[in-house]
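According to Swiss-Prot, the protein has these features:
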type	residues	note
COMPBIAS	464-474	compositional bias 'Basic and acidic residues'
CARBOHYD	ASN159	N-linked glycosylation site
MOD_RES	SER12	phosphoserine
MOD_RES	SER14	phosphoserine
MOD_RES	SER16	phosphoserine
TOPO_DOM	1-40	topological domain 'Cytoplasmic'
TOPO_DOM	62-74	topological domain 'Lumenal'
TOPO_DOM	96-104	topological domain 'Cytoplasmic'
TOPO_DOM	126-291	topological domain 'Lumenal'
TOPO_DOM	335-354	topological domain 'Lumenal'
TOPO_DOM	376-381	topological domain 'Cytoplasmic'
TOPO_DOM	403-474	topological domain 'Lumenal'
TRANSMEM	41-61	transmembrane segment
TRANSMEM	75-95	transmembrane segment
TRANSMEM	105-125	transmembrane segment
TRANSMEM	292-312	transmembrane segment
TRANSMEM	314-334	transmembrane segment
TRANSMEM	355-375	transmembrane segment
TRANSMEM	382-402	transmembrane segment
Amino acid sequence: MRRAERRVAGGSGSGSPLLEGRRSTESEVYDDGTNTFFWRAHTLTVLFILTCSLGYVTLLEETPQDTAYNTKRGIVASILVFLCFGVTQAKDGPFSRPHPAYWRFWLCVSVVYELFLIFILFQTVQDGRQFLKYVDPRLGVPLPERDYGGNCLIYDADNKTDPFHNIWDKLDGFVPAHFIGWYLKTLMIRDWWMCMIISVMFEFLEYSLEHQLPNFSECWWDHWIMDVLICNGLGIYCGMKTLEWLSLKTYKWQGLWNIPTYKGKMKRIAFQFTPYSWVRFEWKPASSLHRWLAVCGIILVFLLAELNTFYLKFVLWMPPEHYLVLLRLVFFVNVGGVAMREIYDFMDELKPHRKLGQQAWLVAAITVTELLIVVKYDPHTLTLSLPFYISQCWTLGSILVLTWTVWRFFLRDITMRYKETRRQKQQSHQGRAINNGDGHPGPDDDLLGTGTAEEEGSTNDSVPAEKEGASAAS
């Protein structure tokens with residue numbers, strides 16, 4: 001059994017729900033506690049294989065006399081040794097399926113990628129671009145200029161053979177990429193409103209920055225119909241349906257060899273690629289100021305990571321179809337889900353000394369480093385001023401958001417406290433009026449009432465005393 005499961009399942013009996021420390025948004029988990037070879041640590045096995053491999057290269061393989069080849073091979077070998085160490089020794093994250101080692105691997109890849117970005121950041125612009133030739137000799141060449149936007153007619157009457165040719169031209173490989181991307185982003189964020197806000201805001205960013213990057217120039221129907229409504233919207237819808245299924249699913253796990261039927265074994269293998277448990281994200285941005293700022297920060301980092309995809313291709317001279325661009329997207333898909341879960345746990349944690357998760361920390365560092373590379377490698381493009389009407393729109397939007405923030409978390413609270421104080425005072429005055437009206441002593445009559453009661457008490461006490469004296473005399 002993996003370390004994450006063993007930590008949660010400690011003290012629970014066979015087939016019992018793991019309720020200890022479970023949040024209200026977290027599903028119940030039933031686990032029989034099976035500990036198989038698949039889940040055990042293999043630190044000695046990995047160390048033995050690594051030692052044998054290095055020994056073979058050192059003792060039995062002749063070293064080539066090619067300096068460039070040896071340099072590349074040495075760098076790759078160093079990275080592989082680090083990955084072997086990290087996969088076996090790094091700390092587990094919040095996810096454990098299909099295997100904790102899978103997520104430890106991507107954590108180590110995050111470290112390698114961040115170090116690579118730092119190296120690129122400390123090079124000159126020319127050296128940094130030419131260094132990529134060591135990765136792929138086809139890189140390091142200025143990108144050819146392309147025509148974006150163009151004819152935006154949905155129905156082109158001048159084209160008799162195919163009047164809808166503009167639509168067919170837009171149906172390329174990026175259409176399924178948009179759908180799959182937003183489906184996976186929805187699984188990361190787990191909130192419909194946040195996904196739609198990010199989707200719409202990115203289209204506004206493309207409108208605003210098309211004077212800097214030509215590939216942001218698209219037709220209006222490409223922005224709002226094909227991207228937001230069809231590709232992004234359909235991906236978000238399918239993602240929300242998947243989240244609904246995951247939140248209702250029963251999480252009951254048995255060891256593979258404890259399942260008697262082959263059908264059950266195959267089903268258990270397939271479910272190995274589903275979550276071990278499920279936590280429903282309740283971001284509640286309007287509940288407090290720190291949650292509101294945190295959600296705004298998450299949206300900004302998401303948008304910044306999206307923009308970095310296009311700006312890095314532009315400043316590092318990478319064609320959009322290059323495999324490095326695809327590998328970066330695959331990387332963010334794998335690390336983004338872990339980072340979002342760690343951020344949510346960080347926001348939900350009630351301890352005074354909270355600690356941001358390791359993967360979330362690395363994703364934030366990577367996003368900022370990518371931005372710094374863009375700023376260093378092409379400051380001229382980034383400093384191209386926004387058109388006046390666009391800057392006015394962003395200024396107005398910023399003022400509206402700031403005004404709502406001040407009203408919601410400052411003025412509204414002051415107003416509510418003032419109204420509550422007035423309500424309490426009115427209730428107090430009404431209580432006094434009622435007490436004075438029905439004959440009961442009010443708050444101002446306490447002292448007077450007490451004195452009268454004492455006088456009456458002393459008078460009543462003297463009457464029996466006089467009667468007792470008279471009877472004794474007789």
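Every residue gets a Cβ built from N, Cα and C, even glycine.
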Positions on the same chain near the transmembrane segment (314-334), where near means CB under 8 A and six or more residues out: 103, 106, 109-110, 113, 120, 128-129, 132, 135-136, 139-143, 181, 184, 213, 215, 305, 363, 373-374, 377-378, 381
Can you say which of 41-61, 75-95, 355-375, 382-402 has the most Cβ pairs under 8 Å with the transmembrane segment (105-125)? 355-375
Among 41-61, 292-312, 355-375, 382-402, which stretch has the most Cβ pairs under 8 Å to the transmembrane segment (75-95)? 41-61
To what whole number does the mean pLDDT across the topological domain 'Cytoplasmic' (376-381) round? 94
Sort out the residues at least 6 away from either end of the topological domain 'Lumenal' (335-354), same chain, that have Cβ-Cβ distances under 8 Å to it, and list them. 23, 93-95, 103, 106-107, 109-110, 184-185, 187-190, 279, 281, 283, 290-291, 294, 298, 360, 362-364
Which bits of the chain, at least 6 residues beyond where the topological domain 'Cytoplasmic' (376-381) starts or stops, bring a Cβ under 8 A of a Cβ in it? 121, 125, 128-129, 212-213, 311, 314-316
Long-range same-chain neighbours of the residue listed as 'N-linked glycosylation site', Cβ under 8 Å, sequence gap at least 6? HIS165
According to DSSP, how is the topological domain 'Lumenal' (335-354) divided among helix, strand and coil residues? 14 helix, 0 strand, 6 coil
Intrachain residues whose Cβ lies under 8 Å of the topological domain 'Lumenal' (62-74), provided they are six or more past its termini: 134
How do the residues of the topological domain 'Lumenal' (62-74) split into helix, strand and coil according to DSSP? 8 helix, 0 strand, 5 coil
Secondary structure content, the topological domain 'Cytoplasmic' (376-381) (per DSSP, counts of residues): 5 helix, 0 strand, 1 coil
